[in-house]
There are 2 protein chains.
Amino acid sequence: MRTVAALRARVREWNAAGQSVALVPTMGALHAGHLALVAAGLARADRVVASIFVNPTQFGPNEDFSRYPRREAEDAAALAGAGCHLLFAPTVEEMYPAGFASSVQVAGLTAELDGAHRPGHFDGVATVVSKLLNQAGADFAMFGEKDYQQLLTVRRMAADLDIPTEIVGVPTVREADGLALSSRNAYLSAEERARAALFPKTLMAARDAIRAGTAVETALAEADAALRAAGLVPDYVALRDAETLLPVTVLDRPARILSAIRLGSTRLIDNLAV
Amino acid sequence: MRTVAALRARVREWNAAGQSVALVPTMGALHAGHLALVAAGLARADRVVASIFVNPTQFGPNEDFSRYPRREAEDAAALAGAGCHLLFAPTVEEMYPAGFASSVQVAGLTAELDGAHRPGHFDGVATVVSKLLNQAGADFAMFGEKDYQQLLTVRRMAADLDIPTEIVGVPTVREADGLALSSRNAYLSAEERARAALFPKTLMAARDAIRAGTAVETALAEADAALRAAGLVPDYVALRDAETLLPVTVLDRPARILSAIRLGSTRLIDNLAV
């Protein structure tokens, strides 16, 4: 479906039949991580709607909006194969008609980490997700833990604005060598792809070191140095509170190690529970 | 009702019975203008919910939040007498629990007029109204034309964020001498109250002059001078496009004359179709 009106009519039919609905918001270029979101939606709700929308407002002027991979027909087939009931794929004009002027901002959670390196990114995310949630009127919306800061930001936004959709986090899906699945992995050359496995390996080593009692500052500095030595240039490597994303200097509560690196012209993010 | 959960449960019951719902958001201190919103809601929907919430985030640090009139018992009686079915009167903690961090902004419409004189005001309005609309899940929400810039801002926000509630504007209710009803009229001394009638009279004269062919600039300058001469100190007197609020210098489309004045320590606003 291409229009909000058509989406709403279908969801209304399902609701009238007593069926619950889960939304899986995506930017397309689907991989097994997205299909895990569909599976998680099917486990929670009677019907699953996936959306594909490459949202221009969450890309910076020097980011990869124009080259972001688009392959709708393949994505539609993959979603159907995974048991998804409906694909909502609106145009930019349907989402942002002439005169559009509103934005949603979430303070605090978005100030650092990816927020510091991608100005305006989380405003774009919060705004488009508030729209998608209100459009779909779903009972649940599934977001991957791979984009951990996004997951917390969306959960905060939905709670703050009283959007009656439960935000569900779904664990990251990884390749055999540990690399988190991402549509951006497609940008990597074969050599870069092989080297990218050092990214999760380094984070796992830092996690294990912190758990084993290495000082947080030391473990993070070692991870940063190891990534740099491999040509995976970190934007940040940080240990943060798993709920507030405030810095954690001593591991006395649930935390998350989060990092973004640049490998050639590709930027990758990952995170792990500690 | 004091909680969002109770409000939602009641609206869900009504919807299940096939009944439509109109929301009348207010800050209390109700007058006949608010009751006209209730009447307009009853004309559109099966059930009317009024909310009373003096929203701290739409008041500036030097504004009248603490002295804003509060008289909930009287308000509840007036609403019942007007046929309103439910009063939702949440606490500040229910609306903004610990950790609240989101805000909604509407660009363009809010930049000038009251937006220029009350920094942050329309962010506070857009945020709290987005919450109230999502909390109530109403089919309609009624807003007075007296707060014309607010009406357009809320309508823009609801459309942009795909909140499925129709925003309905309701004509301003006036006293016999023309003064628009406002909870803030209660701040006026008897002498100020008598003088305040010059506010709508001056705007009506400017409207009539513009309609009769007087140059817009001339008519607005005369209105500004007349208000000043009477000690009603204008923040602005402006002719604006009725939809976009962009300046209108020649009356070639639906327009609105809008003004805010200060009378002693009281700030009043008004507007008229031209």
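Here the Cβ of each residue, glycine as well, is placed from N, Cα and C on the backbone.
As the structure is a computational prediction, the values presented were derived from the model and not from experiment.
Taken from TrEMBL, the feature ATP binding site covers A:27-34, A:144-147, A:V173, A:181-184. Using a 10 Å Cβ-Cβ cutoff, A:E145 (ATP binding site) registers 19 neighbours. Classification of A:E145 (ATP binding site) by DSSP places it in coil, neither helical nor stranded.
According to TrEMBL, the active site, proton donor annotation covers A:H34. With a cut-off of 8 Å between CB atoms and residues at least 6 apart in sequence, the same chain places A:V24, A:T26, A:A50, A:A78, A:G144 near A:H34 (active site, proton donor), listed in sequence order.
In sequence order, A:G120, A:H121, A:F122, A:D123, A:G124, A:V125, A:V128 are the residues near A:Q58 (beta-alanine binding site), counting only same-chain partners six or more apart with C-beta under 8 A. Sequence annotations record features per position, and here TrEMBL assigns beta-alanine binding site to A:Q58.
Residues or ranges marked as (R)-pantoate binding site by TrEMBL: A:Q58, A:Q150. For the recorded site, A:Q58 (beta-alanine binding site), the DSSP three-state label reads helix.
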Nearest-integer angstrom distance between the alpha carbons (Cα) of A:G33 (ATP binding site) and A:Q150 ((R)-pantoate binding site): 15
Secondary structure at A:Q150 ((R)-pantoate binding site), reduced by DSSP to three states: helix
Listed in sequence order, residues with CB under 8 A of A:Q150 ((R)-pantoate binding site) and six or more positions away: A:D114, A:F122, A:V125, A:F143
